[in-house]
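Lifted from TrEMBL, the feature list:
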type: DOMAIN; residues: B:14-316; note: domain 'FAD/NAD(P)-binding'
type: DOMAIN; residues: B:332-395; note: domain 'NADH-rubredoxin oxidoreductase C-terminal'
type: DOMAIN; residues: B:431-478; note: domain 'BFD-like [2Fe-2S]-binding'
type: DOMAIN; residues: B:579-640; note: domain 'Nitrite/Sulfite reductase ferredoxin-like'
type: DOMAIN; residues: B:651-787; note: domain 'Nitrite/sulphite reductase 4Fe-4S'
type: BINDING; residues: B:660, B:666, B:700, B:704; note: [4Fe-4S] cluster binding site
type: BINDING; residues: B:704; note: siroheme binding site
Ligand SMILES: Cc1cc2nc3c(=O)[nH]c(=O)nc-3n(C[C@H](O)[C@H](O)[C@H](O)COP(=O)(O)OP(=O)(O)OC[C@H]3O[C@@H](n4cnc5c(N)ncnc54)[C@H](O)[C@@H]3O)c2cc1C
Ligand code: SF4
Ligand code: FES
């Protein structure tokens, strides 16, 4: 085995709030443009991570606040007036992907995470 | 009830209405509209065992309408207006001196105003044995029930005496009941009142082509019976005898004026209670007569509902001391008999001096059109047989000189100049809806002043189009024209991303062979949406269009391939149905509801091994609930192995074709309904459509499979299959309409192919067949023209599209479990493929599981908040 670090494919990373650490989730290649995946975070919470058609990444909490089910990652994404959103697959409320705000109800929001793709040394 | 007390002091004056038919009901509505129900006590004596119903649509009972469907009486209205309605209690005597009516039950009512709306009775010619068992008339729901019962058990052939409007309708009904049907008409042609010889000839050919036997120019001399007194035939005036087990007399109607005669009111020579222009009887200012029982001031008894309505309005206005009069009415009619349009309007027979005819006739096509034109070019009237498209426009122009040559309105398209005349050319006082006497100006006002924006709203606001329906098409054109003129932008676009309707997008995709959503969005999306990510509305809609056209476009039909994967709702994405706690349910296909014990055992074992909740669905299959995403492939591997395939319960696609056991087991069955259901389910499985599609096949008229509540339903007959379309259960139930009868297997399938493809092509997103049929212009008639008579010339293409679908069907689940890349998607967590979602958990209930939802209480806000959104 060689000891020299090697850069591999691009990875998806999430900034965990509070810690300031970037948490590596998976290969970027596992994401389909226009769809999301769910990730299990170290503290047991879940994030929904999306890739849009222009290659931008977004991450918000996976739990749908209206039903309690962890399903936002399975919603369809779209854009309205240039802002990206996901529509919950259960009751179809839209959530802004950058801020986590519910677009159908001012009082509801989910956590938004900072996310990036990066070449990571293994 | 909390209603405010009547104005004035003392007891309220009483209005007694005798007869609760169509006109009587309209009279009550007119009273309420004028506030007279608040100031008067209103008593109604109704002879029939049910309150007012739509007699004009009586025959639709035989195409599936129930007596409840036909009802015109809203009991909430009766209650709200505090109307005392006595059903099944006719008036027996009237004492005009004492102003008192006595009902059959013995109840006595004193009146200030008496309104007679007793209608007509069918005239039965005085031939020997006219009352024999098997002889009927055609006027009430009870008559129809009796005819149906007799036809089912005791008759194979039926004859109708009378070839007028009602006679043809009755003959059509007999044929629909499976009887060989004859029409015996004394006059030398059919519908002698409405059409002339040329029109009668066109009608005759078409009606004979439908398998009815017509005998014109002969009278009925005697009804022949057997020893038991039941009908076996009839002797005709030409000496011949016609064998028949059932006779319907439809030889005209006579006013029911006996009650009036008995109390000394004047009646006409040929019957009818004589009234003045206010509909008041000429003898007694306290008594009015309206509808078919009245002899109007112009010396006529009107046998149509529209003049009756006008009389009802006139009487109510007069009672309210408003000015109104009824001086006569238009006898225009348009009807559809056995699918043939027949219309006559104005001076149809050319009685005006110096008038000229314009005639277009094509016997082969069963077309006959005649216009009567005055010497100065005024359109006076006309007759249309076989195609009455132009009726609404022509009728409205009657009495004026039309702005284009009248010939151009009756010539077929392509011959000469096409007719350019739309309803916008009509003057404001042109009557658009003759049933309800609504003028163009009123309809425009509904849009401009009352802010109606749709045809249903305008119908509600003006009553136009609510009776025979023949004016609805013109109504729609007027409403649209008016909306456009008043600058109301009607955005019919699919969503914020596309300005086109689903149908327009379908046409674009098909014509330009577009196989990519992004391509479509970037080229045809709204300005601001191009280059963006679309939305959750248009993505699945376009995905579905591309999927249903995939073989034709040369695209992959598989919903998880390439870009398609990103367009699908989560259900389609995981090929399973998402449930409230994030788990999924699984429904394997069980075609026709037929399943072997071995397969039943496999389902049981799979459910047990994975701890799933099982329930039998309404569509005759088995639903397994509570699977987590990562379990789906394992479960399906076992199901596919046992010979199951996807049931598409997750998709906007064909769900199930239910069936009853049919002829094979059931003693009533007349065809093999299970085999047909399986054939249909296997043919249309996987077909992506604007909404889910449900179907059923019943083995006989008893209809155990409830086919008439389905998008397409099939009922076996002795001669083949009847096809019903656009039925619905659920929240907005709709009885399906009969599209075609007595079809062979091949004819049935061809027609369903066309119907489904036409629906897929023209429906809006998430529009079930029932709403689609109600929405599209021309409704059922138009759909029948397109899919049965190929009026648009697209049937070959529709059939080809379906053939492509059938040839290219693949089971989505079999394909998925054999593709490791696609399987990798079936995980709860991308970074922990083996970890199940801890939020999906279950608790026991009645020996099975149910979702454990305590988590909801931690949610940011209670669920109710979303339910009302
Ligand atoms: C099959 C069929 C198809 C038709 N199609 C058309 C069409 O396409 N277009 C059209 O314009 N017209 C059509 N008509 C005619 C239309 O139905 C009548 O013009 C309309 O019903 C007349 O309404 P009315 O209230 O005057 O009479 P009806 O609707 O006959 O009502 C009269 C009511 O009074 C009751 N009555 C009688 N005597 C008494 C009493 N002493 N006490 C209490 N109640 C009593 C009767 O039982 C009846 O219920 C059709 C009729 C039939 C039968
Ligand atoms: S619909 Fe007819 S054939 Fe089918 S089960 Fe019922 S009675 Fe029998
Ligand atoms: S003309 Fe009959 S409903 Fe309008």
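Backbone N, Cα and C atoms are what each Cβ position is placed from, and that goes for glycine too.
As the structure is a computational prediction, the values presented were derived from the model and not from experiment.
Taking the features listed in TrEMBL, we show where each one sits on the structure.
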{"residue": "B:660", "record": "[4Fe-4S] cluster binding site", "DSSP class": "coil"}
{"residue": "B:666", "record": "[4Fe-4S] cluster binding site", "DSSP class": "coil"}
{"residue": "B:700", "record": "[4Fe-4S] cluster binding site", "DSSP class": "coil"}
Exercise. Taking the centroid of the Cβ atoms of B:660, B:666, B:700, B:704 ([4Fe-4S] cluster site), which other same-chain residues have Cβ within 8 Å of it?
Worked result: B:661, B:662, B:668, B:669, B:673, B:698, B:699, B:702, B:703, B:705
Exercise. Can you find at least 3 Cβ pairs under 8 Å between the domain 'Nitrite/Sulfite reductase ferredoxin-like' (B:579-640) and the domain 'Nitrite/sulphite reductase 4Fe-4S' (B:651-787), where each pair is 6 or more residues apart in sequence?
Worked result: yes
Exercise. Do you know the mean pLDDT across the domain 'Nitrite/sulphite reductase 4Fe-4S' (B:651-787)?
Worked result: 92
Seminar exercise, completed: If you tally other C-beta atoms within 10 angstroms for each of the binding-site residues B:660, B:666, the top scorer is B:660
Exercise. Which numbers of helix, strand and coil residues does DSSP report for the domain 'Nitrite/sulphite reductase 4Fe-4S' (B:651-787)?
Worked result: 52 helix, 35 strand, 50 coil
Problem set entry | Those residues of the chain, 6+ apart, with a Cβ under 8 Å from that of residue B:700 ([4Fe-4S] cluster binding site) | B:662, B:666, B:668, B:669, B:670, B:671, B:715, B:716
Problem set entry | Neighbour count (Cβ, 10 Å) for residue B:704 ([4Fe-4S] cluster binding site) | 18
